[in-house]
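Peer 1: What TrEMBL records for A:18-38, A:45-67, A:87-105, A:117-134, A:140-159, A:171-191, A:211-229, A:282-303, A:310-330, A:336-358, A:379-401, A:461-481 (among others) is transmembrane segment. Annotation source TrEMBL lists domain 'NADH:quinone oxidoreductase/Mrp antiporter transmembrane' at A:134-416.
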Amino acid sequence: MEEGLHHKLTGINSSLPYFLPEVILVGGIILIVFVGLFNIGKKELLMRVLAAVMLALVLYFDIRQWLHEDNVRQLFLDMVTLDRAAILWKILFGTGGLFTVLMGFKYRGWYDKSGEYYALMLSVVFGAHLVAMASNLLMIFIGIEVISISSYILTTFSFNKNSTEAGLKYLLFGAAASGVMIFGMSWLYAFTGSLAFTEQSFLEMLMKADALPLIIASLFVTAGLLFKISAAPMHIWAPDVYTSAPTPVVAFFSIVPKLAGFAILVRWMLVIKLFGFSPVDWAAVLAVVAMLTIAIGNFSALWQNNAKRMLAYSSIAHSGFLLIGLVAFSELAIQSLLFYAAIYILMNVAAFIYVSYLEREYNIINIKDYKGFVRTSPLIATVLVVIMISLTGLPPTAGFTAKLLIFSALWDGYAATDHTMMLYLLIFGLLNAVVSLFYYLKIPYFMIFKEGAHEGKAKKLYTIENFLGFFMVLALLILFFKPDGLMRMINSVSFAF
Amino acid sequence: MTIENYFILSAILFCIGMAVVITRKNAIVVLMGVELILNAANVNFVAISRLDNVQIEGQFFSLFVIVVAAAEAAVALAIILKVYKYYNTTNLNEINQLKG
């Protein structure tokens, strides 16, 4: 007994050094909540700097892990697995979090709430870190719940009627989805007698399980995970939340929680496919989900007048495109998914930065307000055009490279397995890329070809937001011409196929 | 009592919970339905954990579920309170300012 306890305690102790980014995140959350208790002048700025420093530290230690960890490590008595893929996801979450924190919290009347705001942001990033490394069903559950509960509160941070309504809807849907998910997990536990889902014995027991209960249980768990990435039948919360939450929060939601969902889905699919012996044809299921997601996202975005709403629907469509990587599901496909995810962070954050910047400085909210903007500020207009081209997936931007990679991975998957659903998905996805052209290019069209009332009152350009945005656009262009750096990084990640 | 009885109990709890979530219009009652779903999972976890005397992972899982459910309920009630302030109702049919 004592021997076992000693063994466990040393196991926990020796795992801590590899858990540094997460420890810093928790410390940061506590620090920010504590400092937030005091009534200081310039509170929002102080909080923002604190949160940014914390996230920069997290990012630094994530990158250090990337440089120094070459082998897979089981930490905390096999609760979490630290491998290259997890570290890469963690770097992405850290970057996404840092970008959104730098966007700030611009609700002047609510500056005294900024402490909670940044603390909740950090806790979402923390949850995402846990989810990326999870190798135990309990860890998935805790990670997902840390993300969800913080997101429910963040949704209501506009402090108005609409945002509380969106928060309530999100919460009820989310709670029901996670309830269904853990009910499915309890069945999987019944089949296998173990929660460590990456272990060999878990897979072997699952293969022995009866087909029907296994199908139900695995669909339940997968549905709970698909909810997080706002995939089609489970996407109903997304438009409401995306329209009424504060803009930085929306940018954040479309990146960190969503990509956390993808991080765990990749790991989860490896297990639940049972090396192709699964009674469910996952490629077909996910292909249908992906098609629905892309179609709903795109066709709803077509009818939107509000720029933020349009971006919200477009981010649903992008989850559909990311799902393509899971449908093809080969080493190449997952690598393209990671590449797409990295590019998606850059272009989505950049788009949200400029939409919120224009909303605040020029009071441009609807798409038709963009009329003639190119004459007011040619520089910002150009940058916006590049972002929109990248979101559509046209050269010369990295958005094109990402779409090309993911579609060619799908084609390879089709060639290898001869699965007709993949072919349908490929055709459907390509057609939808054309549809998305119409709404993305509406903004450049209005800016350049329409006369408008925005003549000559350019506001100051030198803000943190603008620097961040320019940097991202530059990155988008550079990654089109020289994607090999990022590609090499992603290629060094190996998945257990 | 065999383990099947627990599974049947948990299945019944899950179905009741799901029915409540889908049919009821009051936000608080919907939350109670979610609570039932979570407890259905808990019954399963604890029952299965009986077969495995060494690890008792299932019991730990249900402990965590209870803790998380409490946190979720706290947040939910706070948001419902806010909603009630704006709408003067907790009927989900009347809380419909946002259209998809």
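In case you wondered, yes, glycine gets a Cβ from its N, Cα and C as well.
Note: TrEMBL annotation is automatic and uncurated.
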Peer 1: May I ask whether the transmembrane segment (A:310-330) has at least three C-beta pairs under 8 Å with the transmembrane segment (A:461-481), counting pairs 6 or more apart in sequence?
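Peer 2: When sequence-distant Cβ pairs are counted, the transmembrane segment (A:310-330) does not touch the transmembrane segment (A:461-481), since fewer than 3 lie under 8 Å.
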Peer 1: Considering pairs 6 or more residues apart, do the transmembrane segment (A:87-105) and the transmembrane segment (A:336-358) have at least three CB pairs under 8 Å?
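Peer 2: When sequence-distant Cβ pairs are counted, the transmembrane segment (A:336-358) touches the transmembrane segment (A:87-105), since at least 3 lie under 8 Å.
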Peer 1: What stretch of A:117-134, A:140-159, A:310-330, A:336-358, A:379-401 shows the most Cβ pairs under 8 Å to the transmembrane segment (A:171-191)?
Peer 2: A:140-159
Peer 1: Which range out of A:18-38, A:45-67, A:211-229, A:310-330 gives the transmembrane segment (A:140-159) the most CB pairs under 8 Å?
Peer 2: A:211-229
Peer 1: Please work out which recorded stretch in A:45-67, A:211-229, A:336-358, A:379-401 has the most C-beta pairs separated by under 8 angstroms from the transmembrane segment (A:18-38)?
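Peer 2: That would be A:45-67.
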Peer 1: For the transmembrane segment (A:336-358), I need the partner stretch with the highest count of C-beta pairs below 8 angstroms, choosing only from A:45-67, A:117-134, A:211-229, A:282-303, A:379-401.
Peer 2: A:379-401
Peer 1: Within the same chain, where does the transmembrane segment (A:282-303) have neighbours whose Cβ lies under 8 angstroms from its own Cβ atoms, ignoring anything closer than 6 residues to its ends? I mean 6 or more beyond.
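Peer 2: Tertiary neighbours of the transmembrane segment (A:282-303) are 219, 226, 230-233, 235, 239, 269, 272-273, 310, 313-321, 323-324, 326-327, 329, 413, 417, 419, 421-422, 424-425, 428-429, 432, 435-436, 438-439.
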Peer 1: Near the transmembrane segment (A:117-134), which residues from the same chain, at least 6 beyond its ends, have a CB less than 8 A from one of its CBs?
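Peer 2: For the transmembrane segment (A:117-134), the list is 21-22, 25-26, 28-29, 32-33, 36, 47-48, 50-51, 54-55, 58, 75, 79-82, 86, 89-90, 93-94, 96-97, 100-101, 105, 140, 142-148, 150-151, 153-154, 157, 252, 256-257, 259-261, 263-264, 267.
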Peer 1: By Cβ distance under 8 Å, which residues at least 6 away from the ends of the transmembrane segment (A:310-330) in the same chain are close to it?
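Peer 2: That would be 229-232, 235, 238-239, 242-243, 250, 254, 258, 262, 265-266, 269, 273, 282-283, 286-287, 289-298, 300-301, 304, 336-337, 340-341, 344, 348, 351-352, 355, 367, 391, 403, 406-407, 409-410, 412-414, 416, 421-422, 425, 429, 432, 436, 439-440, 497.
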